[in-house]
Amino acid sequence: MKRAFIMVLDSFGIGATEDAERFGDAGSDTLGHIAEACAKGEADIGRKGPLHLPNLTKLGLAKAHEGATGFIPAGMDGNAEITGAYAWAHELSSGKDTPSGHWEIAGVPVLFDWGYFTDEKNSFPQELLDKLVERANLPGYLGNCHSSGTVILDELGEEHMKTGKPIFYTSADSVFQIACHEETFGLDRLYELCEIAREELTEGGYNIGRVIARPFVGDKAGNFQRTGNRHDLAVEPPSPVVLKKLVDEKGGHVVSVGKIADIYANMGITKKVKATGLDALFDATIKEMKEAGDNTIVFTNFVDFDSSWGHRRDVAGYAAGLELFDRRLPELLELVGEDDIIIFTADHGCDPTWKGTDHTREHIPVLVYGPKVKPGSLGHRDTFADIGQTVAKYFGLSDMEYGKALF
């Protein structure tokens with residue numbers, strides 16, 4: 001029985017890539033800078049001391065970081081026994097966004113340029129805004145700018161509740177984000193508005209990767225909170241990802257846990273499981289791994305590293321999340337059967353010590369474990385697509401166009 005489990009620690013980069021300067025990210029290092037802050041006692045909120053990741057270290061995390069940067073992260077054991085195969089991978093795609101990283105992991109790099117809304121204020125074309133107001137029968141809109149999602153709620157949340165005007169905003173990513181109150185505006189109405197926005201952006205040729213529904217609750221600035229009912233409306237990958245090949249060529253199954261299905265616009269997904277928060281995502285993943293049959297991929301995105309701690313530049317929170325993940329990791333490994341493989345990786349960086357609030361262009365770790373996987377270094381990889389090619393080879397599928405199998 002063959003099964004593959006893919007675990008994406010969203011934004012867990014391990015050091016700037018050679019082309020990071022082009023993105024303003026030269027010197028960024030999500031893991032390295034978190035470890036450095038922990039070792040200096042600068043991340044002792046809710047946790048304490050050096051970054052403690054013994055299980056990920058045994059799989060080769062510290063060694064992968066050394067391969068990418070030339071050094072072992074501060075406080076981590078560079079001499080630990082290695083039980084997994086490890087590599088560090090460079091992104092071939094043109095961006096440093098979630099769809100690009102995930103599509104490339106599944107064998108389809110993004111070799112075109114996404115569209116972006118680059119103006120910090122008055123970010124969106126008036127023609128687009130007018131169409132949204134007309135089609136969705138809106139009283140107007142708020143925002144129309146670049147912002148962090150939590151900051152804009154404090155700035156505009158109360159006005160949104162009073163006026164019923166949705167909050168439109170974007171970032172350095174190829175996104176159109178809409179924040180609305182779940183109760184006063186309505187969750188279904190927000191989803192309908194996002195569908196309209198997706199249609200207008202596609203028909204208008206804006207080439208925007210995602211429309212993101214950002215529902216929130218609360219009654220005043222300071223206590224607004226985003227809920228777990230986020231929904232991403234992505235465009236489809238330009239060619240079949242390895243997930244779809246497994247379904248089409250082997251009649252296989254692909255289980256999405258978390259936001260995976262949204263990222264791939266449901267391409268190749270046969271079952272969707274929603275969960276919010278690290279522990280809930282872990283619990284859902286464990287349940288699906290236990291139930292998975294032959295020719296199945298269980299694919300989980302652990303979004304909190306990115307959304308809760310990376311973008312918010314919360315070093316201590318990110319460190320605590322990593323340590324929680326590491327403590328629970330053995331629960332996943334014990335479910336890996338004789339012919340199974342489990343892969344731990346990331347889709348980009350989001351260094352919580354870096355300027356601004358955006359992603360960082362970094363190498364990602366590729367940590368592979370399985371009873372038949374030979375431990376040791378798999379070296380530098382030129383593309384994340386090596387993961388997709390490995391999965392294709394493992395299941396006996398036709399070759400992906402990009403990538404070389406890890407083994």
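In case you wondered, yes, glycine gets a Cβ from its N, Cα and C as well.
Non-local neighbourhood of Asp347 (Mn(2+) 1 binding site): Val8, Asp10, Ser11, Thr98, Ser100, Gly101, His102, Ile105, Ile364, Phe384, each in the same chain, at least six residues away, with C-beta under 8 Å from its C-beta. Look at Swiss-Prot and you will find Asp10, Asp347, His348 tagged as Mn(2+) 1 binding site.
Sequence-distant contacts (6 or more apart, same chain, Cβ under 8 Å) of Asp306 (Mn(2+) 2 binding site) comprise Asp10, Ser11, Thr98, Cys350, His359. Per Swiss-Prot, the feature Mn(2+) 2 binding site maps to Asp306, His311, His359.
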Inset, instruction - Specify the count of other C-beta atoms within 10 Å of the C-beta of His359 (Mn(2+) 2 binding site). - result: 31
Inset, instruction - Enumerate the residues of the same chain, Asp10, Asp347, His348 excluded, that satisfy the criterion Cβ within 8 A of the mean position of the Cβ atoms of the recorded Mn(2+) 1 site; list them in sequence order. - result: Val8, Leu9, Ser11, Phe12, Gly13, Thr98, Gly101, His102, Asp306, Ala346, Gly349, Cys350, His359, Ile364
Inset, instruction - Ten-angstrom check, please: count other Cβ atoms within 10 Å of the Cβ of His311 (Mn(2+) 2 binding site), all chains counted. - result: 20
Legend entry - Asp10 (Mn(2+) 1 binding site), number of other Cβ atoms within 10 Å: 25
Inset, instruction - Determine the Cβ neighbour count for His348 (Mn(2+) 1 binding site): the number of other Cβ atoms within 10 Å of its Cβ. - result: 31
